[in-house]
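Report on the following structure.
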Amino acid sequence: MEVERSASADVATVNTLQSICYSRGSLRLLDQRKLPLETLYLDIRTAADGWSAIREMVVRGAPAIAIAAALSLAVEAFNLEFSGTAAGSASFLIEKLDYLVSSRPTAVNLSDAATKLKSLVKNVAETASDPKAVFQAYVDAAEAMLVDDVTENKKIGFHGATFIRENIKNPEKISILTHCNTGSLATAGYGTALGVIRSLNAGGVLKRAYCTETRPFNQASSWVLRNLLAPRYNLQGSRLTAFELVHDKIPATLIADSAAAALMQAGRVNAVIVGADRIAANGDTANKIGTYSLAVSASHHEVPFYVAAPFTSIDQSILSGDQIVIEERSAKELLYSHGGLGQQVAASGIAVWNPAFDVTPANLITAIITEKGVITKASANSFAIKEFLEGVPGSNTN
Ligand SMILES: CSC[C@@H](O)[C@@H](O)C(=O)COP(=O)(O)O
């Protein structure tokens with residue numbers, strides 16, 4: 001993974017909202033750990049580079065992780081002098097895809113993409129005699145993910161804004177709270193939950209967006225120790241979402257995570273919207289740690305709580321959220337400022353539990369907003385996602 005430093009920290013003059021810069025044979029990822037103070041792109045040449053960039057959170061957000069992983073292998077495959085058979089090229093790609101999936105466990109988009117890409121290369125290898133045909137099919141499919149994601153996000157934005165306007169009190173003056181970062185930086189562009197906020201704003205009905213700081217992630221890794229002399233805090237809400245909201249001139253206010261319940265109690269928001277890393281078949285949703293607290297508070301204050309995500313975030317192979325593997329991150333993210341390099345900020349000897357995600361049960365979710373439309377409750381405690389899909393023309397329900 002090579003560092004490529006963009007000239008300026010002057011965020012207004014560069015397209016800082018593009019986290020994935022790809023052209024055939026070349027991939028650069030915006031180092032999101034450095035935003036908003038510095039714009040730095042890392043050159044990704046191999047699947048191994050992609051794996052490290054995901055693990056170290058250079059790139060993060062469920063859809064962006066999947067696309068970055070697929071494209072890192074596309075770049076490696078495109079630049080490779082491969083002398084084997086078509087079957088050998090398929091095995092090569094499948095092995096690398098399995099490796100990429102091991103980078104972070106909770107978001108399903110990456111494993112979903114890998115499963116689809118593996119099936120594609122297996123099928124192509126069965127009929128192709130030339131390994132190049134297998135690589136070509138892989139590269140085409142990985143590139144399509146980049147394009148499709150933006151299209152799908154815009155549909156999520158449209159469906160979400162329409163649904164919220166039709167179902168909310170005070171639809172001409174919507175104040176909405178969001179958590180983590182679900183915008184352009186977490187996707188190929190536009191965003192999911194933040195895409196809905198963008199769409200509400202474009203429709204002239206958004207009074208104010210509130211974003212949480214989104215504790216606790218700071219930088220803590222050997223790669224950082226080696227490469228970043230001046231690491232910065234990495235709070236997906238205060239640095240990334242706030243950055244996108246300011247960039248788009250959307251009226252917005254930052255709050256500490258712990259201020260969310262008081263914000264609702266004061267009647268300052270009439271909706272909450274978050275993204276998702278994995279949604280089970282019944283609608284239980286894993287998302288950034290703190291999402292569950294927001295949902296509990298929203299329920300208490302009778303504020304609607306929406307999840308916005310593409311269908312690639314839905315894992316129909318699991319019946320409920322109990323089956324979702326939650327990533328636990330380094331204790332250093334809590335014990336030290338600047339992810340282990342800065343000052344100690346907690347008592348020596350204290351044990352740490354640092355899950356990166358939590359699961360919000362379906363009963364606390366008002367609706368799930370997708371690119372295919374809005375899924376509402378089948379009963380008080382669950383969503384019927386399969387049945388919803390069966391009603392969507394042309395949808396594969398598997
Ligand atoms: C459109 S991104 C949806 C989720 O991936 C997002 O809300 C989130 O939890 C991201 O967590 P992160 O740890 O920053 O990858």
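Every residue, even glycine, has its Cβ placed from backbone N, Cα and C.
What TrEMBL records for this protein:
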{"type": "ACT_SITE", "residues": "Asp277", "note": "active site, proton donor"}
{"type": "SITE", "residues": "Cys180", "note": "site 'Transition state stabilizer'"}
Helix, strand or coil: which one is the residue listed as 'active site, proton donor' in, per DSSP?
coil
Roughly how many Å lie between the Cα atoms of Asp277 (active site, proton donor) and Cys180 (site 'Transition state stabilizer'), rounded to a whole value?
11
How many neighbouring Cβ atoms, not counting its own, are there within 10 Å of the Cβ of Cys180 (site 'Transition state stabilizer')?
29
